[in-house]
Every structure is written in C-alpha cells, then in structure tokens.
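Asks: The structure's right below; bear with me while I get my questions together.
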Amino acid sequence: MEFSPRAAELTTLLESRMTNFYTNFQVDEIGRVVSVGDGIARVYGLNEIQAGEMVEFASGVKGIALNLENENVGIVVFGSDTAIKEGDLVKRTGSIVDVPAGKAMLGRVVDALGVPIDGKGALSDHERRRVEVKAPGIIERKSVHEPMQTGLKAVDSLVPIGRGQRELIIGDRQTGKTAIAIDTILNQKQMNSRGTNESETLYCVYVAIGQKRSTVAQLVQILSEANALEYSILVAATASDPAPLQFLAPYSGCAMGEYFRDNGMHALIIYDDLSKQAVAYRQMSLLLRRPPGREAFPGDVFYLHSRLLERAAKRSDQTGAGSLTALPVIETQAGDVSAYIPTNVISITDGQICLETELFYRGIRPAINVGLSVSRVGSAAQLKAMKQVCGSLKLELAQYREVAAFAQFGSDLDAATQALLNRGARLTEVSKQPQYEPLPIEKQIVVIYAAVNGFCDRMPLDRISQYEKAILSTINPELLKSFNEKGGLTNERKIELDAFLKQTAKEIN
C-alpha cells in the first residue's frame with residue numbers, strides 16, 4: 001500500500017515531532033486551607049513540607065510552616081489573613097526563609113524579609129542567607145580581646161565591651177536604653193572614617209522590633225544627619241506589622257550581620273527590644289495551640305533567645321578573625337530584673353548594663369546602676385591606659401552610693417566619709433554625658449584620670465562640665481594620641497598630664 005505524497009509528508013512530520021517530544025512539567029505540591037483566623041492557617045495536604053519552609057497562598061500572601069502535625073500543618077501568615085478563605089490552594093516554595101545580605105544593604109531600611117521600605121529602589125548586588133543557621137562551634141571561636149567603644153564614659157570605663165561580646169542593656173521604659181545603642185552607632189563614625197582597612201571598620205545593624213513607625217523614622221533622620229547611615233543597616237518590624245514578622249526580624253538582622261562576621265569584617269547588632277519579640281512569639285505559640293508555661297510563654301522561649309545570641313561571636317584567626325557583637329535590649333516592669341525573660345537573657349549574655357528610673361530622673365544620664373552592671377569578658381579587651389585609670393573608679397562609686405544612703409540620716413560625719421562623699425559626687429558628675437555626643441576613648445581617659453586623681457575635688461559641682469570642656473579643648477593632641485597606644489600611661493606622660501590638669505584647674509577656679 002502506497003501513501004500519497006501529502007500523507008507521506010504528514011507521517012514524516014509526525015515521526016519527527018514524536019522523536020523530539022519531551023515533557024517539561026513543573027510539579028508543585030499543594031494543599032488546601034482547612035481553617036484560618038488570627039493570623040494562623042491550618043492546611044491539609046502538604047505532606048512533604050519542611051519545618052520553617054515558606055509557603056504561598058492563592059492571594060499572594062506568604063507564610064511560614066511552624067507546626068507539622070499528623071492531619072494538618074499550622075502556618076503563620078506574613079500579613080493580613082482577610083484575603084485567605086477556607087478551601088484556598090496553598091503552594092510550597094521549597095525554600096527556608098532567607099534574606100539579602102552584603103554591603104549593598106548599608107544605608108538601607110528593610111523589613112523583616114529584607115524588602116526595602118525606604119523608597120530608594122531595589123537592592124543592588126547582594127547574596128541571600130538563611131535567617132536560621134547554627135552558631136559557630138567552639139573551635140571556630142576565639143576569646144574576646146579587641147575593644148568595641150561606645151563613646152560613653154560610664155560604659156567604656158566601668159562595663160567595657162569587646163568585639164564578639166553579648167552585652168545586655170536592661171531597664172524600665174524611658175530610661176535611655178535606645179540612647180546608649182544609638183550613641184554606640186554614632187561613635188563608630190570617627191573610627192570608620194579613620195580606618196584604612198576592614199579590620200578597624202565596624203558595621204552596624206539596628207533591629208527595631210515592635211516600635212512606632214515615627215520612632216524608626218526619627219532614628220533614620222538622626223543617623224542620616226550624623227552621616228552614620230552609610231555604615232548601618234536598619235531592619236524594622238514595627239508595631240503595626242504582624243507578630244510573625246516581629247518574631248523573625250532579629251534573625252533576619254543577625255543573618256545580615258553574619259555576612260560581615262564570616263568575611264573577616266566586624267559588625268555590631270542591636271536588638272531593640274527582645275521583650276517585644278518574646279511577646280510576639282508567645283502570641284504565635286498560643287494561637288498554634290502549643291502548651292503555655294511560666295507567664296504563658298511557651299517552653300522553648302529560652303531557646304528562642306539563646307540560638308539568636310549565640311550567633312554573636314569572635315571568630316578565630318583560621319576562620320577569618322571577623323566578629324559580631326550583640327547589644328540586646330530588654331524592657332523591665334518596675335525595675336524587676338528577676339522576671340522570666342530578663343533572667344533568661346541575663347543568663348545568656350556576657351554581662352549587662354542596668355539602667356534605673358530613679359537615677360534617670362535625678363539627672364544622672366546615662367542612668368547606669370554601677371553595682372548591678374557588669375561585663376564578664378570585656379576587661380580583656382579594654383585599652384591598657386583606660387584600665388590603669390579606672391581601676392579604683394567602680395569601687396569608689398559603689399562605696400559612695402552605699403555611704404550616701406546613710407549620710408542622709410547623720411549630720412556629724414568624719415573627715416574620711418566626707419572626703420568619700422565629696423569624691424563620689426564628682427565622679428558621678430563626670431560620668432554624666434549629653435545624648436548624641438559620644439567621646440573618643442582617649443578623651444574619656446583624660447577626663448576620668450582628672451576625676452579619679454582628685455583634680456576636681458575642690459571644684460564646685462556646677463563647674464565640672466566647664467573644666468571637662470576646657471581640658472579637652474586645650475590638651476596637647478600628641479599627648480592625647482599617645483593614650484591610644486598599647487604602652488598605656490607611662491610615668492613621663494603622667495607627669496605631663498598632671499601638670500596640665502593642675503594648671504587648667506587653677507584657671508577654672
């Protein structure tokens with residue numbers, strides 16, 4: 001049987017099509033929404049899903065799978081759940097939550113998923129990093145030995161912080177916790193502009209959790225005016241954002257900071273504040289029907305903060321010698337540091353800066369309680385000159401606070417007690433500092449040296465700030481620069497400094 005030419009042509013065409021036929025299917029695992037409400041969706045059918053995997057709803061809203069149960073999956077929704085209905089399709093993305101990281105992020109304000117919210121357009125060249133990763137192991141770490149200066153006399157002298165340390169800032173609302181954090185960012189400006197290599201530069205990441213949008217906008221303005229935004233990243237999960245984003249923001253910020261840590265650079269991350277993250281996590285856990293524990297927090301709320309703060313570390317020389325320093329902030333209620341979340345974070349961190357309302361209202365700002373504040377590892381990183389100068393400072397201040405409480409009751413005090421009260425009042429006056437005016441470490445050394453060695457003892461309290469300005473404006477720059485060196489305060493420098501301070505004190509008096 002012979003085919004006509006037309007039929008033969010068709011046969012050839014069909015044969016060629018069949019031999020070149022291939023399937024290019026993309027198979028997505030999908031599920032259906034069983035119930036939705038309060039930002040939680042229960043989904044049936046996602047049998048292969050991973051814990052912490054991102055999913056996408058039919059409306060375009062994303063979510064994260066947190067509860068993997070026999071019958072369904074509990075998904076927390078990133079955004080409004082009003083567009084999600086029962087029976088809607090839910091698609092797996094196959095990826096665990098990740099965020100952009102890299103130097104392209106500097107100077108930008110992003111949300112908890114790394115999406116820019118500052119109106120400056122899309123992010124340029126960047127890599128993506130998972131928000132949840134394991135902290136560096138013991139072998140990969142090195143003990144803290146480099147200083148991380150805050151620019152605050154009270155902190156750098158009494159509770160010094162090193163690169164790679166975790167130092168908690170704890171206090172009631174409106175006691176100046178955020179002010180300490182912002183001053184620390186501003187203080188890096190001088191170091192970063194002077195630093196010729198990456199080993200000196202300190203990049204900053206500020207994570208705002210549950211704050212007002214107006215507060216975040218004000219912070220952006222302060223950093224912009226001080227030219228500090230160029231080395232900073234702001235991650236904002238504001239009060240109007242859903243609880244899952246407030247829970248996720250610290251991990252996202254940490255992933256951005258880890259980019260610098262893992263590439264031999266140095267970064268500082270501020271979590272402001274972790275109390276609000278714990279509240280957001282409690283909300284999610286209760287809605288997911290996880291059993292509540294103390295103060296209705298879930299049983300793993302300690303792990304929530306420990307796995308985050310353990311990622312701040314000083315890396316060993318073999319792994320690049322980078323570092324990530326963390327300053328978590330915790331808000332207390334009526335000064336109660338023995339509540340659940342404060343005790344958890346105190347036990348995780350390497351020390352704490354305790355702020356008190358009473359000191360704040362007495363005009364002692366920063367309102368640091370010297371007795372309760374401690375730095376467990378920072379003294380190893382402190383400059384030698386600062387260590388020499390402030391050796392007796394903490395003891396004298398603690399004794400002063402103790403004696404001052406009893407001095408209110410008795411009028412006839414012996415000469416030694418009066419001298420202690422006199423010196424203590426002047427040391428307290430010297431530790432005061434205006435907001436947004438961080439001091440370089442060498443200038444701090446001069447001021448504290450003058451106070452500890454009695455150059456202010458006969459001076460009226462209201463003249464001390466004037467004396468401080470006078471010595472800082474007229475001191476020999478070469479002498480000032482020498483305090484930054486590793487040698488510390490030599491006898492020749494002490495003699496020169498003593499003569500200068502005595503002369504300036506005479507002029508003020």
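A Cβ is built for glycine as well, from the same backbone N, Cα and C atoms used for every other residue.
According to Swiss-Prot:
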| type | residues | note |
| --- | --- | --- |
| BINDING | Gly171, Asp172, Arg173, Gln174, Thr175, Gly176, Lys177, Thr178 | ATP binding site |
| SITE | Ser373 | site 'Required for activity' |
Asks: Do me a favour and check the Cα-Cα span between Lys177 (ATP binding site) and Ser373 (site 'Required for activity'); whole Å is fine.
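Replies: Lys177 (ATP binding site) to Ser373 (site 'Required for activity'), Cα-Cα distance: 13 Å.
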Asks: Taking the Cβ of each of the recorded positions and counting other Cβ atoms inside 10 Å, which one has the highest number: Gln174, Thr175, Thr178, Ser373?
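Replies: It comes out as Thr175.
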Asks: Using the Cβ centroid of Gly171, Asp172, Arg173, Gln174, Thr175, Gly176, Lys177, Thr178 as the reference point for the ATP site, which residues of the same chain not in that list have Cβ within 8 Å?
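Replies: Close Cβ neighbours, site residues excluded: Glu331, Leu355, Thr357, Phe360, Ala367.
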Asks: Work out the three-state DSSP category of Gly171 (ATP binding site).
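Replies: Looking at the DSSP assignment, Gly171 (ATP binding site) belongs to a strand.
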Asks: Would you pick out, from the binding-site residues Gly171, Gly176, the residue whose Cβ has the largest number of other Cβ atoms within 10 Å?
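Replies: Per the Cβ count within 10 Å, the most buried is Gly171.
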Asks: Which one, from the binding-site residues Arg173, Lys177, has the smallest tally of other C-beta atoms lying within 10 Å of its C-beta?
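Replies: So among Arg173, Lys177, the binding-site residues given, the one with the fewest Cβ atoms within 10 Å is Arg173.
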Asks: Measuring Cα to Cα, how far is Ser373 (site 'Required for activity') from Gly171 (ATP binding site) in Å?
Replies: 11
Asks: Under DSSP, is Lys177 (ATP binding site) part of a helix or a strand, or is it coil?
Replies: helix
Asks: Which residues, sitting 6 or more apart from Asp172 (ATP binding site) on the same chain, put a CB under 8 Å from its CB?
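Replies: Same-chain residues close to Asp172 (ATP binding site) (Cβ under 8 Å, separated by 6 or more) are Glu331, Thr332, Gln333, Ala334, Gly335, Leu355, Glu356, Thr357.
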Asks: In the three-state scheme derived from DSSP, which category covers Ser373 (site 'Required for activity')?
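Replies: SS state of Ser373 (site 'Required for activity') = coil.
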